[in-house]
């Protein structure tokens, strides 16, 4: 009995991914049509027995003895049900924790942008130095991303995240006490914040990849990446509003997030369960590969290269706009003699960023999931289309703020919505083309490249370009026009990114097939559990029935399979039915 339960549990739990299950109508007692399994099987067996006896095929049998096999199979039902419910709860709880930490990540990142004008006045810095704040943050972020990617493929990802949150929260709090004549210390602490956030961002997506597959993975990535626009928008709102309530003391706008970081550490450590690497694909094997092997593998995945280049262009565009748009609007109002309300502008921009980003992530993820059913190249094509849509609206938004500020906000809304179509899709692409035990490294190097050539340099480049164009002219009109001309670089970066995503669409289907083949080969080579067919053979061989009784068990198993309501379980039970048929024949 114990051996049988072990084998049934083995082929059930290892061959099914609970995240892909599609429950129809079932309850914890498996009662099809409102009846218990025992009643259903008994009725079916008696009916078949009476028919067989009446036709002379078999003699009367002890029906209660015939139920022994069914009792053995259904004895693990309660354990299976509880196990699957527990695993499902843990998975969704993990998604919730990762969402909260990702939300805090982006709130913390953009509270600085929400108080940028006040911070420039406090430290007496220009545009290029203000842009350098984001550049230093991203440089440290991208330098340490490969380090945490390497560690994330080999050590506890939960511990890595908890330590990273502690580092960045501590650095943020310390930066608020830096005096006005020590700007370089403040700049260095922003770099330390980048180190802490890199540890989280590198490994969080791979945890989702190990919990879910296919459409459910896309849905969970969509939920996870809702935090990007929501957090960015809240960062502007929280930073500017708290600063306004604190009588212009920008430090209080930044001090909001560190206490929340400590709360997130508790959530990560206590409420999150780290899955085995590759468990969603039933390939929970960690190959001991060298760092050089990982790099050689990644450079041969063409979709990965093109996606990384496309994301770099997205990062350049989004990084420039998120950092400079509020200041650009403020300069435009000053250039026509209007005294702007800085807090109001930052709040409106933050609200638009949050709402449009939420809409963009939802549309992009949903669109790709539907289109993917008929076109395997849908994911990169949706990313490309989003960038093409963003270009004309972005160009118009940069041209008219000094004429009509009211018309600028809808244009910005459409632009950000289109730019955010790709957020969840990009991670979905990476998880579908890279084998599980190299995903943290792949994610880290994608972050390194996209930040190195994207949002690490774009705020600084735009700020430096603006200062060069303005020269020594310190008038309000000169500030506005120089920053406007500098921001005209961003539409061209978006067009280039759309081209790279189109190139990715050409290769992605082959790369997905190659990943699936390699993952299967690795899993087969290291497999330590029995297969479904082997489990079915063991179950059939251990049922101690004579021929007539086996016919009844076969019929009962057939009824069990036909009534089962979870996708995949029916196939497993059909294997048992086939083996019982072979033995009875």
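Our numbering is plain: 1 for the first residue shown, then up by one each step along the chain.
Using the three backbone atoms N, Cα and C, a Cβ is placed for every residue, glycine included.
Between the stretches 59-78, 159-178, 279-298, TrEMBL puts its transmembrane segment entry on 159-178. Proximity of the transmembrane segment (159-178) to the transmembrane segment (252-272) is established through 3 or more Cβ-Cβ distances under 8 Å for residue pairs spaced 6 or more apart. Counting only same-chain residues 6+ beyond the ends of the transmembrane segment (304-325), those with a CB under 8 A from a CB of the stretch are 110, 113, 116, 131, 134, 138, 232, 298, 349, 353, 380, 383-384, 387, 390, 394, 412, 415-416, 419, 422, 426, 429-430, 433-434, 442, 445-446, 449-451, 453-459, 461-463, 483, 487, 489-491, 493-494, 496-498, 500-501, 503-504, 507, 511.
Spatially, the transmembrane segment (220-240) is adjacent to the transmembrane segment (409-435); three or more Cβ-Cβ distances between them are under 8 Å for residues at least 6 apart in sequence.
Listed as Cβ neighbours of the transmembrane segment (409-435) (distance under 8 Å, sequence separation of 6 or more from its ends, same chain) are residues 205-206, 208-209, 217-218, 221-222, 224-225, 228-229, 278, 283, 297-298, 301, 303-304, 307, 310-311, 314, 317-318, 321, 325, 348-349, 352-353, 355-357, 359-361, 363-365, 367-368, 379-380, 382-383, 385-387, 389-390, 393-394, 396-397, 400, 442-443, 446, 494, 501, 504, 508, 511-512, 514-515, 518-519, 522. Long-range contacts of the transmembrane segment (447-465) within the same chain, counting only residues at least 6 positions beyond its ends with a Cβ under 8 Å from a Cβ of the stretch, are 126-135, 138-139, 141-143, 145-146, 198, 201-202, 308-309, 311-320, 323-324, 482-483, 485-487, 489-490.
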